[in-house]
């Protein structure tokens with residue numbers, strides 16, 4: 001909850017390459033040190049987990065900032081879908097490999113392996129990327145001119161950085177209803193994402209009596225499907241805009257599918273009588289969630305490209321809070337009521353309510369944040 005706003009502010013000012021590199025390096029270090037911290041003390045464990053959370057908070061603001069500067073509007077949904085595919089495939093790979101690594105190398109196995117992989121990734125990132133096209137030595141002059149002509153938000157020069165305020169206009173950003181539609185959408189997306197990611201293995205173990213390794217497989221399949229669906233949703237979204245459908249209508253259609261679809265599928269999940277059928281409903285729910293990437297996640301770059309990092313940070317902080325409430329609340333709800341089904345129905349209701357709010361107040365046009373509402 002702490003770092004997305006600060007991270008978004010930093011990435012809008014310093015660029016995504018540096019901020020992302022530091023973020024991944026720090027969260028990889030925290031992951032690598034987790035087994036040591038757990039053996040040392042509870043306070044040490046809490047400290048490295050705090051470092052993990054703080055560092056991870058910069059990732060999505062960095063992504064949005066760099067996409068806004070590198071890609072024209074008619075390509076962004078595909079790019080977001082492709083980038084987020086890594087997000088979902090990471091979840092699928094982690095859920096699948098962790099039980100195997102733990103069975104071979106003990107509880108510390110996943111932390112050590114994933115932490116080292118993160119350090120290797122940073123080396124590739126630093127050597128292969130640039131925050132803006134102007135800073136890249138790997139593109140042609142033709143491609144640079146194409147990007148500069150198509151992209152709505154220019155890169156800041158050194159003089160512009162020196163004169164621009166580091167602290168963004170939070171009051172003006174929060175004075176507009178399109179901002180709040182993003183906050184609500186990110187909150188609901190994170191609620192559903194982390195509740196499913198955290199609780200589905202236990203759900204399959206408790207309801208259908210499958211062992212934890214089998215439950216991990218059942219829970220991992222939907223994330224793989226989400227990665228594939230996300231790219232095709234992005235392709236469809238970009239094609240709609242290229243064919244003349246307004247950006248606003250496109251984003252509303254995509255987000256409606258991304259919320260109403262999972263809501264209906266979660267209702268179906270509560271009726272499933274077998275783990276196979278439950279996995280099918282879960283796959284539909286998670287797969288359709290990918291349409292949200294072509295809704296609110298791309299919309300962040302459209303209503304305020306110059307503030308895309310900090311705007312994502314604001315909405316991501318709300319999303320982190322919602323994810324925390326949903327994940328912890330699910331446990332309390334199940335203990336009090338004695339059933340997962342009630343919480344899944346509550347989540348379905350929240351999905352549909354968030355879709356309604358989005359359709360009422362979102363826009364695909366650039367919003368003037370130089371004036372208060």
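Note that Cβ sites are derived from N, Cα and C of the backbone, with glycine treated the same way.
TrEMBL does not curate its annotations; it predicts them automatically.
Per TrEMBL, these features apply:
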DOMAIN    1-365  domain 'Major facilitator superfamily (MFS) profile'
TRANSMEM  18-38  transmembrane segment
TRANSMEM  44-67  transmembrane segment
TRANSMEM  79-101  transmembrane segment
TRANSMEM  107-128  transmembrane segment
TRANSMEM  180-200  transmembrane segment
TRANSMEM  220-241  transmembrane segment
TRANSMEM  253-272  transmembrane segment
TRANSMEM  278-298  transmembrane segment
TRANSMEM  310-334  transmembrane segment
TRANSMEM  340-361  transmembrane segment
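Panel annotation: around the transmembrane segment (220-241), residues 73-82, 84-89, 91-93, 95-96, 196-197, 247, 250, 253-254, 257, 279, 282-283, 285-291, 293-294, 298 of the same chain, lying at least six beyond its termini, place a Cβ under 8 Å from a Cβ of the stretch. Beyond the transmembrane segment (18-38), the same-chain residues lying 6 or more positions past its ends with a Cβ under 8 Å from any Cβ of the stretch are 7, 10-11, 44-45, 47-49, 51-52, 54-59, 62-63, 107-108, 111-112, 114-119, 121-122, 125-126, 131. Counting Cβ pairs closer than 8 Å to the transmembrane segment (180-200), the top stretch among 44-67, 107-128, 340-361 is 340-361.
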